[in-house]
Amino acid sequence: MATPSMMPQWAYMHIAGQDASGYLSPGLVQFARATDTYFSMGNKFRNPTVAPTHDVTTDRSQRLMLRFVPVDREDNTYSYKVRYTLAVGDNRVLDMASTFFDIRGVLDRGPSFKPYSGTAYNSLAPKGAPNTSQWIVTTNGDNAVTTTTNTFGIASMKGGNITKEGLQIGKDITTTEGEEKPIYADKTYQPEPQVGEESWTDTDGTNEKFGGRALKPATNMKPCYGSFARPTNIKGGQAKNRKVKPTTEGGVETEEPDIDMEFFDGRDAVAGALAPEIVLYTENVNLETPDSHVVYKPETSNNSHANLGQQAMPNRPNYIGFRDNFVGLMYYNSTGNMGVLAGQASQLNAVVDLQDRNTELSYQLLLDSLGDRTRYFSMWNQAVDSYDPDVRIIENHGIEDELPNYCFPLNGIGPGHTYQGIKVKTDDTNGWEKDANVAPANEITIGNNLAMEINIQANLWRSFLYSNVALYLPDVYKYTPPNITLPTNTNTYEYMNGRVVSPSLVDSYINIGARWSLDPMDNVNPFNHHRNAGLRYRSMLLGNGRYVPFHIQVPQKFFAVKNLLLLPGSYTYEWNFRKDVNMVLQSSLGNDLRTDGATISFTSINLYATFFPMAHNTASTLEAMLRNDTNDQSFNDYLSAANMLYPIPANATNIPISIPSRNWAAFRGWSFTRLKTKETPSLGSGFDPYFVYSGSIPYLDGTFYLNHTFKKVAIMFDSSVSWPGNDRLLSPNEFEIKRTVDGEGYNVAQCNMTKDWFLVQMLANYNIGYQGFYIPEGYKDRMYSFFRNFQPMSRQVVDEVNYTDYKAVTLPYQHNNSGFVGYLAPTMRQGEPYPANYPYPLIGTTAVKSVTQKKFLCDRTMWRIPFSSNFMSMGALTDLGQNMLYANSAHALDMTFEVDPMDEPTLLYLLFEVFDVVRVHQPHRGVIEAVYLRTPFSAGNATT
């Protein structure tokens with residue numbers, strides 16, 4: 001929202017402009033100019049980096065920042081309260097705008113924290129490749145039950161010989177001359193899994209011996225992808241220990257590594273000629289999968305031949321960090337946890353709470369008007385929530401794969417045949433004989449060299465779509481894999497992580513050639529995503545581990561306090577800080593962090609504050625002038641709005657709203673959007689037990705994304721005045737936001753938004769009214785404004801009515817890339833190459849009949865309808881100022897919103913843009929008085 005249109009009508013009080021110079025009376029302005037040569041006040045009276053050049057009597061006046069330690073603290077289950085005594089000495093002025101809370105504590109982000117995609121363990125392994133493993137097969141014979149141990153895997157380390165001592169890996173030639181003592185593998189860590197043949201060349205024809213390691217049947221099988229077992233010795237060995245019973249009676253039980261050797265010979269070897277070719281060192285290890293899970297499991301967890309084919313998938317990334325600008329950390333708008341700023345002489349609290357003020361959102365929009373939110377500022381944790389536009393709106397322009405991509409075997413040829421050398425017989429020119437000068441075994445390949453083709457571009461694009469779009473589809477589109485048990489609580493990380501989705505829902509051929517967002521994804525919060533760059537940055541500021549000793553600096557946001565000049569006296573300043581991890585922390589998956597084990601504790605909260613580095617006589621003059629009630633400090637809330645939440649039941653389409661009769665003086669208009677009930681906490685309570693969510697909170701941080709669900713809004717005052725005038729495209733008193741069927745051509749920009757609504761938004765945001773369409777100036781087009789976030793889209797789909805050969809083939813019966821992809825699952829490819837039966841071609845000579853679909857998205861911003869007294873002038877838009885009908889009488893207001901149905905309860909978030917100001921008066925030492933004025937909704941004060 002652009003700054004100028006966001007500010008109230010200044011004429012109501014003695015405020016003249018947007019910077020703090022407008023807060024001052026002419027006398028104070030004159031004083032500032034007179035002292036400007038040796039102390040520049042600048043905006044908001046402060047320039048704390050410039051020290052005075054003369055008249056300074058103490059070194060304390062030069063000190064820029066002081067630390068206040070709390071005089072009292074309360075550490076409760078859900079909150080942490082601190083109280084400070086601010087002693088402002090004579091001839092000093094404390095700048096509240098420079099204060100911040102310096103907080104130290106310990107954060108446990110819980111087991112659901114995973115700050116990266118993929119796995120850190122064996123990430124190059126195929127998803128379905130097992131570790132070298134063993135399993136037991138039980139056979140019921142006629143007379144007895146037999147059990148056999150089966151092994152699958154690889155022995156990679158070459159040795160000189162295999163004896164009962166194991167694999168010989170070398171010789172000790174330092175013994176007596178002529179003797180060579182064999183060196184055998186140290187079974188605690190050898191053969192090492194990372195050691196094998198150094199080259200592909202092995203054509204000498206000798207029968208080598210090999211050794212390797214294998215997991216015993218007692219260690220449950222897991223795919224190699226994601227497998228980790230902690231080392232149990234400094235050489236990297238991983239075997240567990242096993243108990244060894246004493247050999248003598250009364251002896252002590254000991255432990256040894258749980259490692260055994262198993263020897264293997266070729267299957268064709270016969271008794272009497274058996275000799276070991278392979279030895280496997282089998283062991284039990286502490287096998288775990290810290291960052292992956294199984295998505296294909298043919299049987300139960302017991303080891304079996306079928307379970308060799310288990311398939312792994314990495315756990316979903318879940319960044320967890322403090323919210324943007326520490327949203328949610330400090331209590332605002334909460335009756336039971338209201339802050340206090342009171343003079344100790346009067347004990348009047350200058351912080352008056354109004355439930356319908358939104359301090360956090362106001363601060364977000366204020367920052368956006370001041371600077372570039374895309375530039376991060378780590379001190380205040382300023383890294384705005386964002387999303388990858390390519391994920392929200394998919395521009396599927398296909399893949400550039402004109403040339404095939406090959407991969408080749410390591411020797412560049414592939415497996416060959418073994419040939420012996422021959423030559424022409426010397427006595428017979430037509431015969432052949434063995435050539436003794438040529439080796440008897442020559443490996444030669446015929447024909448072209450072996451190659452495999454992989455479409456790298458297609459695989460990258462398909463993988464991007466699955467990881468970034470398909471996995472974030474609503475849960476109704478997902479399923480739980482067979483033989484996998486997930487918790488019943490759908491808000492937990494384990495549940496969200498374990499659910500999988502068919503890649504066919506979001507494949508590379510879906511909407512190919514179109515710029516379109518998936519319809520089921522439109523109502524999914526796009527900021528709850530691992531590509532939320534701001535959240536990722538804030539998460540990484542804390543580090544990459546679960547347990548964090550944090551040290552943060554948090555600013556005060558309440559508009560009546562944050563810019564105050566505190567005059568000499570003694571004051572009580574206290575505030576509450578939340579300990580609810582769902583409110584304080586943000587996760588990219590939005591899981592319930594309370595259930596998933598995250599905790600936060602504070603060890604200290606100190607206050608840092610700055611005194612103006614003024615000369616004493618300058619400060620005393622400033623104090624004398626500010627004590628005068630004509631020089632009260634006035635501040636207005638940037639948003640200057642009363643916010644109201646109206647529930648919208650699931651599948652409802654109409655929301656009527658009534659505001660009782662009142663005088664609408666100083667009213668500036670409406671802003672509105674839609675929120676999900678699940679994503680909106682109750683700010684009035686100290687702890688909301690029903691808030692089981694930790695993603696972005698649009699109500700507080702401005703991550704709105706449901707604006708496209710509004711269809712119409714009708715506004716009627718009881719005076720029955722058709723206030724918007726009669727020169728608009730549509731009927732007065734009704735704004736049509738989008739039209740599905742547009743026979744008259746009222747829509748704009750190749751989408752279903754009406755020209756009427758587009759112009760109203762341009763007018764409300766940039767003052768670009770009915771005089772045409774043009775791009776707003778850069779300084780007005782901020783991150784939260786309309787034009788930057790307006791995204792029109794259109795696509796063609798098959799005309800199911802007029803295309804006579806159309807068949808509605810459902811997802812299980814569609815095939816495309818058959819034989820090269822898994823069937824309805826992110827698992828091993830299956831099937832056979834065959835012509836695709838989906839989608840129908842929309843281009844070329846065989847293009848089928850199609851219809852055009854249009855829509856738009858407009859995230860982050862709020863829809864705005866400006867209001868002026870001129871609208872009450874019976875339809876004529878004039879510049880004659882306030883109409884008497886409007887200014888001197890009260891009116892009731894009825895509004896009706898028409899919205900798209902959603903299958904979950906939502907809220908209409910409606911801002912009445914009013915005049916929200918506080919005047920702070922400090923007549924005597926230790927006395928602070930505040931008067932809040934907000935017409936036409938409410939007012940309050942701290943003077944009685």
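Cβ atoms are placed via backbone N, Cα and C, with glycine included.
Residues annotated as N-acetylalanine in Swiss-Prot: ALA2.
TYR932 (phosphotyrosine) falls within a strand segment according to DSSP. What Swiss-Prot records for TYR932 is phosphotyrosine, and it gives sequence analysis as the kind of evidence.
Swiss-Prot lists 193-216 (among others) with the feature region 'Disordered'.
As annotated by Swiss-Prot, region 'Disordered' applies to 229-253 (among others). Remote same-chain partners of the region 'Disordered' (229-253), defined as residues 6 or more beyond its termini with a Cβ less than 8 Å from a stretch Cβ, comprise 186, 188-189, 192, 259, 283-288.
The site 'Involved in interaction with pre-protein VI' annotation in Swiss-Prot covers GLY769, and the record cites sequence analysis as its basis. Less than 8 angstroms from the CB of GLY769 (site 'Involved in interaction with pre-protein VI') sit LEU759, MET762, LEU763, each of them six or more residues away in the same chain.
The 10 Å shell around the Cβ of TYR932 (phosphotyrosine) contains 22 further Cβ atoms across the protein chains shown. Across the region 'Disordered' (229-253), the DSSP tally of helix, strand and coil residues reads 0 helix, 6 strand, 19 coil.
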